[in-house]
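Colleague: I grabbed these lines from TrEMBL:
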type     : residues : note
DOMAIN   : 58-458   : domain 'Major facilitator superfamily (MFS) profile'
TRANSMEM : 127-145  : transmembrane segment
TRANSMEM : 157-178  : transmembrane segment
TRANSMEM : 190-212  : transmembrane segment
TRANSMEM : 218-238  : transmembrane segment
TRANSMEM : 307-331  : transmembrane segment
TRANSMEM : 343-363  : transmembrane segment
TRANSMEM : 370-392  : transmembrane segment
TRANSMEM : 404-423  : transmembrane segment
TRANSMEM : 435-454  : transmembrane segment
Amino acid sequence: MDVGRASDVSEIHAASIFGFELGGLGPTVRPYVCIRPEREERASAGSGPADTEQQLALGAVANLGTVASGMTLGFSAVALPAMQALDHTPCVSDAQASWIASLTTLGMPPGCLLMGPMLHRLGRRRTLLLVNAPAVIGWLLIATASHSEPWFLYQVYTGRLLTGIAAGLVSTPAVVYVGEAMDKIWRGVLITWPSIGVSLGILVVYVLGSLFRDNWRLVAGISSCVPMISIIAVWFLLPESPVWLVSRGRIEEAQASMRLIRSVPEDTSLSDSLQQELDIALAREDQQNSWKDTLSFLKRPEAYKPLLIMNAFFFFQQFSGIFVVIFYAASIVRDTGLSFDDYLATVLIGVSRFATSLAISYASKRWFPVTALILSVMTGTVGFMTLPFAMLGEVFPLEIRGSACGFTTFMATIFSFLAVKLFPDMGHWMGYDNVFTLYTAVIAIGTVTMYFCLPETHGRTLPEIEELFRS
């Protein structure tokens, strides 16, 4: 098997709403080797309907947790107006509300740091089981928080922090699993499902918030069911990744897993190249890059150029206001004095983001401000919202991919925390119109900068992308 081709096929886009590739911030880099059935040409051309349905179903199971992640991101938008209602005692202040919104993003960096070791040691399936547990606990803490208790705020804070940790954990194992286990004809579609799952989760929690406007505890309780369902579905339906089993020398289990995922009959042998791919996987599993080697490699243009570009891309993404709108949608509509139902506007924003994400994978004057907000979310989803995560897994060289993805994702979560936490104060200091003018300026500068600095990676192999930065 051509090692270069294997690297191109199997080095996947292990990024998500705030996820990253194996290795985290640690020194170990572990690429993936994809095991395919014997009749690769038939699979590439499109396998039978049973194979297709099986892969799509398992891809959906792997990505169920991303729906819970989206609900975590969107919850503050529908809960804060009710929490800050004057008839509640004590009333949540603007400063406390900003912590409720932003603590989720503060919980994501620990999730990012834990992901590499978990995926490597526990495997993909067990990781998918465990990452949903903090979300269940966090949602239940929020659902049972009572205004009458003196620890009310601390209980909500803890719940938001736990759901944030889960959000930082959940998307990456789903993307890794899909990239390793699914046929290449479906991988390009399934790799976008985490983004669609997050968008669907945001839409679902917006709709729930609109239906139960004053009962944010009920919304939190319903939200806890999604990670529970994900745990049950993964436990009963999802086999372990064949690639991870191969890396552990469990060849027979890897073959059985591949047969189940690809609907390969028991009497049909797998590819003769399996042993050769196993040798490559085992050889690469033992490769270690020290911190000294990693830092030395960063002096090369194919390393420091994409690192600088991607960190700048995430800076522009977070300070463009896209995530701020998701976290504060109802409050923004209410506080800016728009003559429009704030919860309905929130639902429309959720619909626009979900519809735009789905499309990527496959008039009264009072409507004007809301329409502008919706268009901002739609166009942001096409560009700043989706592209940075989609490009993380392909722009960095293999030697530093794990470390570079981990560092970049860590910085993205820091940028996100600052943007979400500072938004209410900026609105009071500058006025919301000036804040969105500032966001517009950031988008304009970011668009021009990325146009000239970001290379075209579509249709290029990973070695070709490295050569772009090297030259």
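The backbone N, Cα and C atoms fix where each Cβ goes, and this holds for glycine too.
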Colleague: Which sequence-distant residues neighbour the transmembrane segment (127-145)? Criterion: at least 6 residues beyond either end, Cβ under 8 Å.
Modeller: 62, 65, 68-69, 72, 75, 111, 115, 118-119, 152, 155-156, 158-167, 169-170, 173-174, 177, 216-218, 220-221, 223-224, 226-228, 230-231, 234-235, 238
Colleague: Counting only residues 6+ away from its ends, which parts of the chain sit with a Cβ under 8 Å from the transmembrane segment (218-238)?
Modeller: 57-58, 61-62, 64-65, 67-68, 71-72, 75, 78-79, 125, 128-129, 132-133, 135-136, 139-140, 142-143, 159, 166, 177, 201, 205, 208-209, 212
Colleague: Six or more residues out from either end of the transmembrane segment (435-454), which same-chain residues have a Cβ under 8 Å from its Cβ atoms?
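Modeller: 309, 312-313, 315-317, 319-321, 324, 383-384, 423, 426-427.
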Colleague: What average pLDDT does the predicted model assign to the domain 'Major facilitator superfamily (MFS) profile' (58-458)?
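Modeller: Overall, the domain 'Major facilitator superfamily (MFS) profile' (58-458) comes to a mean pLDDT of 77.
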